[in-house]
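Undergrad: Got a structure for you, questions after.
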Amino acid sequence: MAGSNIKVQIEKQLSERILLIDGGMGTMIQGYKFEEKDYRGGRFNQWHCDLKGNNDLLVLSQPQIIRDIHEAYLEAGADILETNTFNATTIAMADYDMESLSEEINFEAAKLAREVADKWTEKTPNKPRYVAGVLGPTNRTCSISPDVNDPGFRNVSFDELVEAYSESTRALIRGGSDLILIETIFDTLNAKACSFAVESVFEELGITLPVMISGTITDASGRTLSGQTTEAFYNALRHVKPISFGLNCALGPDELREYVSELSRISECYVSAHPNAGLPNAFGEYDLSPEDMAEHVAEWASSGFLNLIGGCCGTTPEHIRQMALVVEGVKPRQLPELPVACRLSGLEPLTIEKDSLFINVGERTNVTGSARFKRLIKEELYDEALSVAQEQVENGAQIIDINMDEGMLDAEACMVRFLNLCASEPEISKVPVMVDSSKWEVIEAGLKCIQGKGIVNSISLKEGKEKFVHQAKLIRRYGAAVIVMAFDEVGQADTRERKIEICTNAYNILVDEVGFPPEDIIFDPNIFAVATGIDEHNNYAVDFIEAVGDIKRTLPHAMISGGVSNVSFSFRGNNYVREAIHAVFLYHCFKNGMDMGIVNAGQLEIYDNVPEDLREAVEDVVLNRRDDSTERLLDIATEYLERAVGKVEDKSALEWRDWPVEKRLEHSLVKGITEFIVEDTEEARINAERPIEVIEGPLMDGMNVVGDLFGEGKMFLPQVVKSARVMKQAVAHLEPFINASKEVGATNGKILLATVKGDVHDIGKNIVGVVLQCNNYEIIDLGVMVSCETILKVAKEENVDIIGLSGLITPSLDEMVHVAKEMERQGFDLPLLIGGATTSKAHTAVKIEQNYSQPVVYVNNASRAVGVCTSLLSNELKPSFVEKLDIDYERVREQHSRKQPRTKPVTLEVARANKVAIDWASYTPPVPLKPGVHIFDNFDVSTLRNYIDWTPFFMTWSLVGKYPKILEHEEVGEEAKRLFKDANDLLDRVEKEGLLKARGMCALFPASSVGDDIEVYTDESRTTVAKVLHNLRQQTEKPKGFNYCLSDYIAPKESGKNDWIGGFAVTGGIGERELADEYKANGDDYNAIMIQAVADRLAEAFAEYLHEKVRKEIWGYSPNETLSNDDLIREKYQGIRPAPGYPACPEHTEKGALWELMNVEESIGMSLTSSYAMWPGASVSGMYFSHPDSRYFAIAQIQQDQAESYADRKGWNMLEAEKWLGPNLN
């Protein structure tokens, strides 16, 4: 069957059911207890060496036995037979001096399996059987030395592996294989050689078969033998585009589960697993019975991990039979829709997504850029050269660039030697490698040494399209990303226009002709030196910065890199000024979208730390702001050079040692100076009442400064790494004193609290924690966005008595269900508490409680927490408490099952026919006075205070009543007054001391409605759609009203009316988390919660203020509006500002569209979690509608037809749609 046809057929099968791979071939052969004569058969009776153990030879010497084993597995229910060729490569066959038989063995093995499979397909045509031609790992490793005394030595080369695998692949295809299975991969470089061979043979034969890949996690470390994590391994081989990616061998199902689970999450293709029958016992035998193994498989299948399942060592046809029984009828894993990202790896993964921070590529392992490194390589001092690479990684390099291009070096040999040595150093090889050379043969030699997914630096069009395409195809086959220089046959691009022209041409060739993934294309638009004295060079930096923005906008998913030090080449010898130029240049490049840069990771200056006079002079040069900018910088550079060489005393370098100790500590943290940290920390400890105060005070203050600079793009990862190192030294000095002062006492119990993965909200959780602590419970608070794995791991390690989960947004409900299921699966016997704004007793009873056999208690407020915990941990109270709980939940479930919608549901067609009736012909939408994006940075807190709605503030503290009446309430009035005063005192401090920062933005875009959705355009020509905002429509019977949808309030495209829509995002919480943590560390939980509550109020106030400003000034459709704050709270204005996740648009992922439209994260630092919660937590976002008839409404329940329509418009499968629409889907 042709390759394309077989792929289609197998994919159809995989979409419908879980397919079964066969089990252990070696296990079955061992059951025959063959002796030497059996292996020889008749043909090899006179062979000159022992053949016992050569199982692959049996296809020639005992073919009937292999046929019988295949038959047994197909009879048991297997869909896919593996050929008996695990060790049939020439390399593995060399152990028996049988290299010459490799081709014949592969051919005969495939032919035999083909005959058996066809026989069974003929028996049961509705269940076709397939043959997977097996390519095993060989008995050698391409990335590990077999000689402990020479870590750079290899007993097999990439090319030798390619040759061996090519011969086997040709024979397997000729013998009739339907698929190629690269399995039991313990060294990913071997597998990369194998995949290279397979793809080369496909090209040679003009046929492409589906490829299956299966790796081996060797032990509890969760890594392959060559050291890669599961995700790093996946990233390294993802370029093969296999039909399935899986794991097999080494571990039993219990040990392998977490890695199969991880693979099912990250793999864009189908997932396979064929584990061993447990771990071998003391006699090397496997004890896990077919029934027990099937139990594990059933759980994997029901958890949605699997598309293919089979067995490896110790498994038999009976194991496969039992697996077939438990997976029959179970829905196979659905392929996830993952964001487009460049997925690199060393021993560990590096995923570069749209929202990733700047990636630092270490430049010092380059003989052309580092005199020290060049000397070490020339003198063959490779151990010392490795230390240069390690320093780069320790200083924050996430990728290391390696270049050996020097006239007196054998660049190819040096590259191979150094990369092989790097592979033996986990602290270096954990990061991806950038193979850098101007010589193609050196690049190829380097690619043959790296097991992860690296980057080629670089190729270009300078020698024409044909060579460019040839090299790009090979790079893709080697499994690397590529840097493309802006260079063609005319020359290097030196202007903005030329940079765009060349990069666009290269992009189109790579994507359209080569099939290169756009996310793996990294453009280097050429960084040239500025301030050279030549006028034509003055705009080089500006051209690069602007080209970065152009490329990011016009070439989807492509990334930008560059050699940063080039820009300062005119000032070589004056490192101080060079570092200042780098800091300023990077700051502006990063703001415009530059993804990565080749830098000296140990010597990056912080933008804000560049002296103001120097920074201004540098910016004049970089941004070409003055005609005399070069001369001015040269003048000031001389002064800084003299300081650097000691001719002029730099007083500022000495002054800081005379500052107060708190300021000295901050300075050391920001600058990454370790020289004085111990003596300054000791001085601070002597001055403090308690040693812990040194950490909570000056050390945390300094780290907050580092965090702010990093978040603002004025400080890069290497500096943060150095700051963290300084902090660790300070804490290490204090730890003995802190431990000596600790007192331990008895508690009422230990409770773990966590806000679940993807959710950032924790005010309620923090209040619960404080209340419980006041009642002598020990609290372990894991904070926000905590994964299930972390929660359960810590719960076991700390031996807690209760686990409490919190969440505010609706996606958190599914995560809570997941945690409950995992607790049941792992055999926990602890009570589980559920709380948070999005939770309810009904959801707890219907969705969570039934997945966990221990008590699951919905706690609706902090006041209940103590009573609940006391009952659950009391032997006397627990039985009756749990009995009442069970009765209550059963009642809730019965009520839920009988629950009928208050209004009758209607079809989507009927709902759309009853849309809001607006006479668009007689209405002209208002045109904004100031369209586009508006940013409000460090906004004045005093202004926002006038817009605060205080009623929800009191609700946070469980004081119910409307402001201002609550201040006079008979029962809670006095407490409310105290709270109100404390909040305003804190706001005074916030305002005076700048404790919190408020940032916000809004934008107004041309828009039209198209059905239930809204098209947002890039500009007023309305020709290009920037984004589509998807909406839901009410879907219940409305005899006297409309079935509302937000799109009803935007003029339909066909009306010819030019309408607009707005978006906004605001936060009052920048700095809030740090303040709250500081208060907590100081034991001040009251103010920790207070600062969060105040930050939330500021965010809502900012939203109110900004909406008013939009109505009156920016959009300007209500210029004469005069409303009091009470009127604003009552929404007496024209227009609405609905927010994704709330009743009118309850689906959270639409926040992502807003973020992209307005470039929110880069503009004001607000980000979204995996569940689309906003960070910081004290944040608000939404849309602006201006129509006078617009109003708020609730979508409530929708039906399956609308869910299908929404999924189709969003490009989702129904699994994804059900995940996000679940709370509203009837």
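Using the three backbone atoms N, Cα and C, a Cβ is placed for every residue, glycine included.
Below are the features listed in Swiss-Prot for this protein:
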BINDING   Cys249, Cys312, Cys313  Zn(2+) binding site
BINDING   Glu696, Gly758, Asp759, Val760, His761, Asp762, Ser806, Thr810, Ala862  methylcob(III)alamin binding site
BINDING   Asp949, Arg1137, Tyr1192, Phe1193  S-adenosyl-L-methionine binding site
DOMAIN    7-327  domain 'Hcy-binding'
DOMAIN    358-619  domain 'Pterin-binding'
DOMAIN    652-746  domain 'B12-binding N-terminal'
DOMAIN    748-883  domain 'B12-binding'
DOMAIN    899-1226  domain 'AdoMet activation'
Undergrad: Do you know which of the binding-site residues Cys312, Cys313 has the most other C-beta atoms within 10 angstroms of its C-beta?
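TA: Comparing the binding-site residues Cys312, Cys313, the most crowded Cβ belongs to Cys312.
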Undergrad: With a 10 Å radius around each C-beta, find which of these binding-site residues (Glu696, Asp759, Tyr1192) has the fewest other C-beta atoms nearby.
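TA: If we count Cβ atoms within 10 Å for the binding-site residues Glu696, Asp759, Tyr1192, the smallest count is at Tyr1192.
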Undergrad: So around the Zn(2+) site, Cys249, Cys312, Cys313 aside, which residues have their CB within 8 A of the centroid of those CB atoms?
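TA: Leaving out the recorded residues gives Gly24, Thr184, Asn248, Ala250, His274, Pro275, Asn276, Gly311, Gly314, Thr315.
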Undergrad: Can you tell which of the binding-site residues (Cys249, Ser806, Asp949, Phe1193) has the fewest other C-beta atoms within 10 angstroms of its C-beta?
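TA: Across Cys249, Ser806, Asp949, Phe1193, these binding-site residues, the one with fewest Cβ atoms within 10 Å is Asp949.
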Undergrad: Where DSSP helix means H, G or I and strand means E or B, what are the helix, strand and coil counts for the domain 'B12-binding' (748-883)?
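TA: So the counts come to 66 helix, 24 strand, 46 coil.
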Undergrad: Near His761 (methylcob(III)alamin binding site), how many other Cβ atoms are within 10 Å of its Cβ?
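TA: If we count other Cβ atoms within 10 Å of His761 (methylcob(III)alamin binding site), we arrive at 23.
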Undergrad: Rank aside, I only need the closest one: which of the binding-site residues Cys249, Cys312, Cys313, Asp759, Ser806 has its C-alpha nearest to that of Tyr1192 (S-adenosyl-L-methionine binding site)?
TA: Asp759
Undergrad: His761 (methylcob(III)alamin binding site): which of the binding-site residues Cys312, Cys313, Asp949, Arg1137 is the nearest Cα neighbour?
TA: Asp949
Undergrad: Any same-chain residues 6+ apart from Arg1137 (S-adenosyl-L-methionine binding site) with CB under 8 Å of its CB? Would you list them in sequence order, or say none?
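TA: Listed in sequence order, they are Phe1064, Ala1103, His1107, Gly1182, Met1183, Tyr1184, Phe1185.
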Undergrad: To the nearest whole angstrom, state the Cα distance for the pair Cys312 (Zn(2+) binding site) and Phe1193 (S-adenosyl-L-methionine binding site).
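TA: Per the Cα atoms, Cys312 (Zn(2+) binding site) and Phe1193 (S-adenosyl-L-methionine binding site) stand 57 Å apart.
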Undergrad: Taking Cα atoms as reference points, rank the binding-site residues Glu696, Asp949, Phe1193 by distance from Cys313 (Zn(2+) binding site) and give the first.
TA: Glu696
Undergrad: If you measure every Cα to Cα distance among Asp949, Arg1137, Tyr1192, Phe1193, the residues said to bind S-adenosyl-L-methionine, what is the biggest one in Å?
TA: 21
